[in-house]
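What TrEMBL says about this protein:
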- 6-354: domain 'Aminotransferase class V' (DOMAIN)
- Arg43: L-glutamate binding site (BINDING)
- Trp102, Thr154, Asp178, Gln201, Asn243, Thr244: pyridoxal 5'-phosphate binding site (BINDING)
- Lys202: N6-(pyridoxal phosphate)lysine (MOD_RES)
Amino acid sequence: MKQRPYNFSAGPAALPAEVLEQAAAEMLDWHGSGMGVMEMSHRGKEFIAIAHQAEADLRRLLAVPPNFHILFMQGGGLAENAIVPLNLSGGAAADFVVTGSWSQKSFKEAKKYCDAQLAAANTAADGSHTTLPDPATWRLRREARYLHLCSNETIHGIEFHELPDLKSLGSDAPLVVDCSSHILSRAIDWSRVGLAFAGAQKNIGPAGLTIVMVREDLVGHALPVCPSAFDYKTVAEHGSMFNTPPTYAIYIAGLVFQWLLRQGGVAEMERRAVQKAELLYGAIDASGFYSNKVERSCRSRMNVPFFMPDERLYAPFLEGAVARGLLQLKGHKSVGGLRASIYNAMPLEGVQALVSYMTEFQARHG
Ligand code: PMP
């Protein structure tokens, strides 16, 4: 197959070509079953095998401990903003660390269901988010049922390179982590986490699948108003098949998990992510033309927002990028500028092509 353009979308995002080719080859007839995956009953032996394999592969990739459920749900990250407090808060206290738009949304939504309070924020006077608040300064309430944070803020490009150890801060609250935009790009320290959730459409597969990994003891405490299809206990008891799961999305996610295992797993993804991010941030910092305002210690390895000195340059930059096969580089509408999302499926060559285009553009317009 000829080289496809490099797609820098923040999500839904690029998938490995190998995965798309395999899906295409199996579209009409999965493994001689005479059915495409979209046409199978979710309760048939074929799809049950697909779902079990996907779950086992994800457990292996992220070393998810046996006392954690892996749930395949729907509704995306934003639905989890309600589903988590419905399940974990008991209508009582929950603390939030706000470091960008996504954790801000989580905090706001949770207020509908519980006593949500801000433990820390990184919002500057001008509304920007460019640092991470030091965990030692967080206001952790003893009675909080959990503490929520977003470990990679997709819009602002801020990443917790290490999750806080709440126990060392004197808190027994489980950590709830929205890892939607960097799941599977590095290991998760499960000793620090009670629940991690992620929409699949960035680093895993198609939109429509939401992955929830939750410690067993946190399940079974949902508020009575919690919809049954969103009660983690019900979902877990039915092996994520209480209602019809997003079957095709689970299948594609499973193919991505197998691709990741063939590549060398999460450790290899992290090595590549570091390499790609260093290349891109290095080029931005050295240019004297492009800029990224996030403090170096918390720059995202997945989402790199960057800016130019003159607003009028964005349209020609984006036009020239498309002409060179560099797609979807427009920044999020709330912050403007440019953004390159360089998830697992983005090869190093894609980042190299972007950097050489940036150099060429600067030579003409800088
Ligand atoms: N959390 C994060 C970190 C995200 O990046 C996104 C999507 N950009 C969401 C939550 C919301 O996900 P969804 O649109 O699937 O509800």
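Just so it is clear, glycine is given a Cβ too, placed from its N, Cα and C backbone atoms.
Automatic, uncurated: that is what TrEMBL annotation is.
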>> Whole-number answer please: how many Å between the C-alpha atoms of Asn243 (pyridoxal 5'-phosphate binding site) and Lys202 (N6-(pyridoxal phosphate)lysine)?
In response: 24
> Out of Arg43, Asn243, Thr244, which binding-site residues lie by ligand 1, with a C-beta less than 6 Å from some atom of it?
Replying inline: none
> In Å, how long is the longest CA to CA span across Trp102, Thr154, Asp178, Gln201, Asn243, Thr244, which the record gives as the pyridoxal 5'-phosphate binders?
Replying inline: 30
> Within 10 Å of Arg43 (L-glutamate binding site), Cα to Cα, which of the recorded positions Thr154, Lys202, Thr244 are there?
Replying inline: Thr244
>> Test of understanding: give the count of other CB atoms lying within 10 angstroms of the CB of the residue listed as 'N6-(pyridoxal phosphate)lysine'.
In response: 30
>> Can you give me the average pLDDT across the domain 'Aminotransferase class V' (6-354), rounded to a whole number?
In response: 97
> Among the binding-site residues Gln201, Thr244, which residue has its Cβ surrounded by the fewest other Cβ atoms within 10 Å?
Replying inline: Thr244
> Sequence gap of 6 or more, C-beta under 8 Å: which same-chain residues meet both conditions with respect to Trp102 (pyridoxal 5'-phosphate binding site)?
Replying inline: Gly77, Cys150, Glu153, Thr154, Ile155, Asp178, Ser180
> Helix, strand or coil: which one is Trp102 (pyridoxal 5'-phosphate binding site) in, per DSSP?
Replying inline: helix
> Between the residue listed as 'N6-(pyridoxal phosphate)lysine' and Thr244 (pyridoxal 5'-phosphate binding site), what is the CA-CA distance rounded to a whole number of Å?
Replying inline: 22
